[in-house]
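Everything on this sheet refers to the single structure shown next.
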Amino acid sequence: MFCVQCEQTIRTPAGNGCSYAQGMCGKTAETSDLQDLLIAALQGLSAWAVKAREYGIINHDVDSFAPRAFFSTLTNVNFDSPRIVGYAREAIALREALKAQCLAVDANARVDNPMADLQLVSDDLGELQRQAAEFTPNKDKAAIGENILGLRLLCLYGLKGAAAYMEHAHVLGQYDNDIYAQYHKIMAWLGTWPADMNALLECSMEIGQMNFKVMSILDAGETGKYGHPTPTQVNVKATAGKCILISGHDLKDLYNLLEQTEGTGVNVYTHGEMLPAHGYPELRKFKHLVGNYGSGWQNQQVEFARFPGPIVMTSNCIIDPTVSAYDDRIWTRSIVGWPGVRHLDGDDFSAVITQAQQMAGFPYSEIPHLITVGFGRQTLLGAADTLIDLVSREKLRHIFLLGGCDGARGERHYFTDFATIVPDDCLILTLACGKYRFNKLEFGDIEGLPRLVDAGQCNDAYSAIILAVTLAEKLGCGVNDLPLSLVLSWFEQKAIVILLTLLSLGVKNIVTGPTAPGFLTPDLLAVLNEKFGLRSITTVEEDMKQLLSA
């Protein structure tokens, strides 16, 4: 096992990365190794997808499957080894079908890629794990050095984050051939184990630029189906009655669940990154979508144990449900998996609803505590002139984009402390689950404009980017000249690709934490600092002073 893709990876003087019987996320060595094997199979599939496009062959089954299967290897998504192997087998079957299509056009069709003809050696998981050792990401570290390995992983993990967003967009009916062609090209190239530093740096920026397009079609999919989010108050306390909790990012799953629970007497609560769903008109119209439950994903083993109903996980993040013994009432969807946990293969939630009706539910309603979400792209753009007016009248001094992932590390209290000392004449724009560090605190307003503005899920960084570009255009300056600072927390690969997206768009002087990614060496961090001004957090007071004076 070697995995260094998330923020909580093991760090030692001898090197970074989880390389024992089990990773910090709870992933076993077996599952981790089989995910490496799956990635190799997907790289071979992408190699043939690139070749097929040369002949004008576009296989939509391949295009929809490849990013979805890659998504299953993202942190805290799928811990189920047999399902990972199933994805690998499907990747190889699709590859062979695509290869046959190519050969039907050109009998001499060939692909020069070491993954292009990969076959699984056995049905036995142990044998497959041994085969996977051939594809462990650091297998040639001694030959290429830590810097090249780090850049490879930056590209691989960034592309993995983009693949997750591609899957979210695809679920909503969004497809862009140019994006998929670019994805396959990059995925196939990474399967050649590239070792050119400049080429890898360029690839990381290409991934960022591609992901901006992905976020654009995801935004179109969400707003096209469910309307543009508008400011909405959400209750974060319990309401009496039967209940289901739904977590993750998949708004379509939430919509289907709301449709199927309507009239059943079962209330639905969002959790984690599903919180922004309350801002969408076509979702909040369901009166039994009664609130949001819990805090950051890392607290789920305590909070899920207390929830008196079933739980549905639609995407990341799931952690071991057996520890607090709620594994009999947690359900997985789509690419999510945990051994022994029931999986929903389709859109039918009737078994979950039946279970909810058989459980006690909340016995009484708690005193409501309302927070506000729903500052989507359209709402933010509508406020652009107000923001400019407040700045011109010196009522608004600075905007802090304070968001990103949450996690268990104690140093993450930095983001709570930072939010609480933001001056009263400054605004906090937040997104993703890092908001749970401070989104239940009171921040007041500036002439009626809330000082805490929740823009949505992690992918809604797109809305923040569009707002920044709009403000810069109206003020006749560059984005980096705005009174705007980005203080981002990271945990997994979606955050990595958001960072690459920002850097590829030329955004500079981003501050990140709580730690630097374990796969980035001091040399690579120095390069990113020199090129983009990217740096790690220090102390709340010092960072605030520096950002306000910039």
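Glycine is no exception: its Cβ is also placed from the backbone N, Cα and C atoms.
Annotation for Cys18 ([2Fe-2S] cluster binding site): spatial neighbours Met1, Phe2, Cys3, Val4, Thr9, Ile10, Met24, Cys25, Lys27, Ser32, criterion Cβ-Cβ under 8 Å with sequence separation of six or more. According to Swiss-Prot, the [2Fe-2S] cluster binding site annotation covers Cys3, Cys6, Cys18, Cys25.
Positions annotated as hybrid [4Fe-2O-2S] cluster binding site by Swiss-Prot: His249, Glu273, Cys317, Cys405, Cys433, Cys458, Glu492, Lys494. For Glu273 (hybrid [4Fe-2O-2S] cluster binding site), the Cβ neighbour count at a 10 Å cut-off comes to 29, with all displayed protein chains included.
Sequence-distant neighbours of Cys405 (hybrid [4Fe-2O-2S] cluster binding site): residues of the same chain at least 6 apart with a C-beta under 8 Å from its C-beta are Glu7, Ala432, Cys433, Gly434, Cys458, Ser489, Trp490, Phe491, Glu492, Lys494, Ala495. The cysteine persulfide annotation in Swiss-Prot covers Cys405.
Remark: His249 (hybrid [4Fe-2O-2S] cluster binding site) has His168, Glu273, Met274, Thr314, Ser315, Asn316, Gln457, Cys458, Asn459 as non-local neighbours, by Cβ distance under 8 Å and separation of at least 6 in sequence. Look at Cys25 ([2Fe-2S] cluster binding site): DSSP puts it in coil.
Spatially close to Cys317 (hybrid [4Fe-2O-2S] cluster binding site) yet at least six residues away along the chain are Thr75, Asn76, Val77, Gly272, Trp297, Gln298, Gln300, Glu492, judged by Cβ distances under 8 angstroms.
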